[in-house]
Every structure is written in structure tokens, then in C-alpha cells.
């Protein structure tokens, strides 16, 4: 039985981390083997707080060892990683990806390098950003950063579309074959913008921006998951990008229409297989100015 190994956070209530990523990949036809880096009652933006705990790097390694014992690593089609709770967890992920690729050289590694955002800066514990930037992102086949995380990896500021394209080229030169920028903040606030860059070209996706009273959590995890599943279906990066962009819009639209701020992942599940809206991609190049 082939599957996707998904190593990221988990919440019991709502949809963030694995709680946002696992079901969409299953709905798209894939077995998923989740390993949680933390397990919380709910996501951390609830003003009432949350309960739960982080798992150790040894907890991750122990579960991966067990998967290896039953021959699962040879059948692993992809490793998807998101939020890591400690620098040591990043090292356990690095070791896991190495083991999976030794067992199955065709396996993909998709890294969502959760670090922070422009308005918040780096929000992760000491050592995590360094290990993401210097270890996990360079070894990944695909990275799914936001604008802040891309700027950290490319070691340059991003203020314009040209900056973003240049940053993606720098990122591709460091090892990854695909860069999906899950949120490009530097463009117009009238739309929500994403960018895809490969050696074949760079594509901009725009969709309407919803004015939520409280911003939903877990949309980035959803994007990474749907994109990973799309690639494993044999789609080109451009096709997988188009699909995940449209599908994510559908889930956010359902969430907005329901007056909720927890993603309506279950109610809108048909979006994962047949998105209800379509926003054509635009191929972009560096301006001549």
C-alpha cells in the first residue's frame, strides 16, 4: 500500500496542520500516514488559548522506525512536512527524508517551511529557522514558502513581482525543483496572490480576497497538501498549481459563506476533486525596465 508521510502539527478541533492536510489528500485518492509534531486541542489563534503538547524528535524517529520495520518506507510516494516544534524535530525530519529516499529514490519531499510572516517576523523557536533554511529546504524537491519565508531562503527583500521572480530563481538554484509561493503579499490587496516557479517558467495566480472578521488558519497547509497530491497524480507542476489554487478558493468561499473562520474542509470536500471556480494562471517574466 503506497502512501504519503505527512509530518506536521495536529489539532483536535478545526483544521490546521495535519488536520487540514490529511483528509484532502485522502479525498484525492491517496493513503496518508500522519505523524504529529504537536497535538493541540485547537489552533493557537483562539483567544481562549489551547491545550496539548509538543512531541519530541525521538517520538518522530520512533514512528518512522516502525514504518520502516513493516516495509512502508519503500512504498512512500512523498514526504510532506509543515510546522516543526523544535530544532531537533527538523533533524529528525532530515533523517526521515534521507531514509525514505534511500528506500524509494522516486519519492518526493515537499517542504512547507513554516517560520513566520512579514507582519510577525520569525515566530518559531530558536534553531528551527536555521535548520529549515540550511538543511530541509535545500534537500526538498518542492518548497511551499510564503513571501517572508521565500525572502529568508533567497536572502533578499521582496517588494515587487520582479523581486519575487528573482527570489524564486535564487531558491531554485539552491536545490528545489519547484517553488510555490503560497501567499505573495507585495502585490495588490484587492486579490490573493500565489506564484509558481520551475525551470519551465513562472506563473501568477490571483483570486478574490475575502474580508474575514478573523482570518482562517490552515489554508497554507491545505495548499501544500493539494499540490502534493496533484503532483503524485502525474500532473505537471502548473496543472497541480492551478488545481490547488482553485480548490483552496472553493474551501475559503464555503467558509466565508458559512460565516465561519474554521476551514469548512468537510463541507467543501468536493472542491478537492472538482473545484467549482477557475482562475486562469498568468505566465510572468522579469520586466524590461
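Just so it is clear, glycine is given a Cβ too, placed from its N, Cα and C backbone atoms.
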What does Swiss-Prot list, out of 75, 177, 182, 206, as binding the same ATP as 112, 144, 149?
182
Listed in Swiss-Prot for the substrate site shared with 9, 44, 45, one of 221, 246:
221
Look up residue 182 (ATP binding site) in the DSSP assignment and report helix, strand or coil.
coil
Residues flanking the substrate site, with Cβ no more than 8 Å from the Cβ centroid of 9, 44, 45, 221 and excluding those residues themselves:
11, 16, 17, 40, 43, 83, 217, 218
Hey, for the ATP site built from 112, 144, 149, 182, who else sits with CB inside 8 A of the CB center?
111, 113, 114, 143, 145, 146, 180, 181, 220, 223, 224
DSSP three-state assignment (helix, strand or coil) for residue 44 (substrate binding site)
coil
Residue among the binding-site residues 9, 44 whose Cβ has the most other Cβ atoms within 10 Å
9
